[in-house]
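*Asks:* Dumping what TrEMBL says about this protein:
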type: BINDING; residues: 196, 197, 198, 199, 316, 530; note: CoA binding site
type: BINDING; residues: 392, 393, 394, 416, 417, 418, 419, 420, 421, 507, 522, 533; note: ATP binding site
type: BINDING; residues: 544, 549; note: Mg(2+) binding site
type: DOMAIN; residues: 32-87; note: domain 'Acetyl-coenzyme A synthetase N-terminal'
type: DOMAIN; residues: 538-619; note: domain 'AMP-binding enzyme C-terminal'
type: MOD_RES; residues: 619; note: N6-acetyllysine
Ligand code: PRX
């Protein structure tokens, strides 16, 4: 049975236990429905009240929403605040000694950082940034391992009003260059090396390689955190050690007071063209989304120990490590390493040791751990857990049930959170003390999120009939624009087909008779490999940049652990290779993609043809390629194909 069929036949439903419901912040469906009604009745005061309750303002806002220049919405626009102040300073009067971060390094060493210590570190680093001439509005690229300093760097930027753009540490020099160039970054913050699974990651060397490429002229300095004893090549006058920069800096730093819609950060994500999009988020609206969804979706309580296994290089690490949990004053575990090092019990041992109560991870991690059997989690005391979350891709019901039973002991609600880089915070997710969960469904929208499923004309579709997932009203944490490309923002997210009224998420979804949402996958040429979003065009551009390659088409195919795997159909400039020759060139091209974009984009499967299947008008038939990649029998009509004979060449993996 295909995943789609198994999902649509899923009938199991898991209401919260009485005990969980009684203690929950939002307790029972009546409470959930009341919040939704409040949002329906008075949408603006619903969000306005939350913004007043959850954010500390330097100067209050007088207007909730300015939609005069839709879809470039502004929220709380004359309000003044600072995000870092909200994440740190305001907790100090009562919680200065509360642990903010429990950092576990790759080698198992644990460092605890209180809110007052984190505040001190952020202020000193912020002063260091200022001493380099970084000021409000400047762009700073952060290319760091998952260490405390990555969070300090982000918070320090927020403190002085600089706009950070975090680039995932697995991306290549070319990807760093593209992001530096598009953002016009003045500064890059990195580490000499990262440490993951006992291996070093050459971050500084990659930055050096990027800086040598055309397009990085805007960068004046590179700040280098010394994570390992390994050295680093040094460019005098440009490179500065982190520890030297903070030496002697004052332990206080007056926050830069920002307007609510001043950009907090840019985060690049893949779309349907070769060029990643700089998703620009605001200060107040974004922070509100992160904090509010954190307390609702995770039913946060002040004595929780929360752990999100994401990397700060992705939106999940922004909203649910750096900003949401700190904004609310939570204690969280931050992990540098990987789930399988030094052994596959790492996650479970850490949950036991740190008494984690809320655990948030990706389906791909769950699936890779399932393969190792039920015995491993059972060797650890996981009784501290009270809630489990997932994010990033659809979770298959089998993995959901394993997570629920083997990890959660049948007692922890599973919060499947659907959202995106663009939405900034969780949109569709069960409020765990209220909404019964179903394996494989992200359930119902959070109150205030008006999600729907529509057809091409924008009309709502019947339950059971798939369609486009849209959000019908603007909400505070929504992307404000694409950096440097407002036209693309408008066309991509508020297309004319829906009269520019709806936010088009780019996913297809289905709804069951209970109104539950089931996400089916992307409607554009975006793949989701291990929860990482990759544009097929980006990988195609990387492939055709190789001197051997004439043409390439990239599609996804289902993969047991990764969710999706990359398949590339390639036409070489020379003859079509066969046998060992083909294998050798395929290996070369895989390395090439890893070098051009990063290992995460490496094709699993490369197939060579003398040509690609095209219509008579020259269009590549991608649907056909998707079927071929999956190994499906070809049932499509191929009579319009210019060159049907090449199908045979593409059917088998090497
Ligand atoms: O296709 C959806 C999938 O991930 C896409 C967003 O990717 P990104 O911007 O990298 O953000 C990932 C972390 C929020 C979505 O368009 N996706 C995300 N969460 C889920 C999901 N698909 C199904 N279920 C989810 N819970």
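The backbone N, Cα and C atoms fix where each Cβ goes, glycine too.
Annotations in TrEMBL come from automatic prediction, not curation.
Just tell me what is around each of these and how deep it sits.
*Replies:* Long-range C-beta contacts of residue 199 (CoA binding site), restricted to its own chain and to partners at least six residues apart, with a cutoff below 8 Å, are absent. In the three-state DSSP scheme, residue 199 (CoA binding site) falls into the strand class.
On its own chain, residue 417 (ATP binding site) has 293, 297, 389, 390, 391, 426, 428, 429, 442 as residues at least 6 apart in sequence with a Cβ closer than 8 Å to its own Cβ.
The secondary structure of residue 544 (Mg(2+) binding site), as reduced to three states from DSSP, is helical. Residue 544 (Mg(2+) binding site) has a Cβ environment of 16 other Cβ atoms inside 10 Å.
Here the domain 'Acetyl-coenzyme A synthetase N-terminal' (32-87) has, by DSSP, the following mix of helix, strand and coil residues: 27 helix, 7 strand, 22 coil.
In the three-state DSSP scheme, residue 619 (N6-acetyllysine) is classed as coil.
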*Asks:* Can you tell me how far the Cα of residue 549 (Mg(2+) binding site) sits from the Cα of residue 619 (N6-acetyllysine), in Å?
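*Replies:* About 18 Å separate the Cα atoms of these two residues.
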*Asks:* Using Cα-Cα distances with a 10 Å cut-off, which of the recorded positions 196, 197, 198, 316, 544, 619 are near residue 394 (ATP binding site)?
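*Replies:* Those close enough: none at all.
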*Asks:* Work through the recorded positions one by one (196, 198, 544, 619) and name whichever has its CA nearest to the CA of residue 522 (ATP binding site).
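*Replies:* Comparing Cα positions, the closest of these recorded positions turns out to be 619.
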*Asks:* Please average pLDDT over the domain 'Acetyl-coenzyme A synthetase N-terminal' (32-87) for the predicted structure.
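*Replies:* A mean pLDDT of 98 is what the predicted model shows over the domain 'Acetyl-coenzyme A synthetase N-terminal' (32-87).
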*Asks:* Of 196, 198, 544, which is closest to residue 392 (ATP binding site) if I measure between C-alpha atoms? They're all binding-site residues.
*Replies:* 196
*Asks:* Please report the Cα separation of residue 316 (CoA binding site) and residue 421 (ATP binding site) in Å, rounded to an integer.
*Replies:* 8
*Asks:* When DSSP states are folded down to helix, strand and coil, where does residue 549 (Mg(2+) binding site) land?
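*Replies:* Once the DSSP labels are grouped into three classes, residue 549 (Mg(2+) binding site) ends up as strand.
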*Asks:* How many neighbouring Cβ atoms, not counting its own, are there within 10 Å of the Cβ of residue 619 (N6-acetyllysine)?
*Replies:* 11
*Asks:* If you count, for each of the binding-site residues 197, 198, 392, the other Cβ atoms lying within 10 Å of its Cβ, which residue has the minimum?
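*Replies:* Among the binding-site residues 197, 198, 392, the lowest count of other Cβ atoms within 10 Å belongs to 198.
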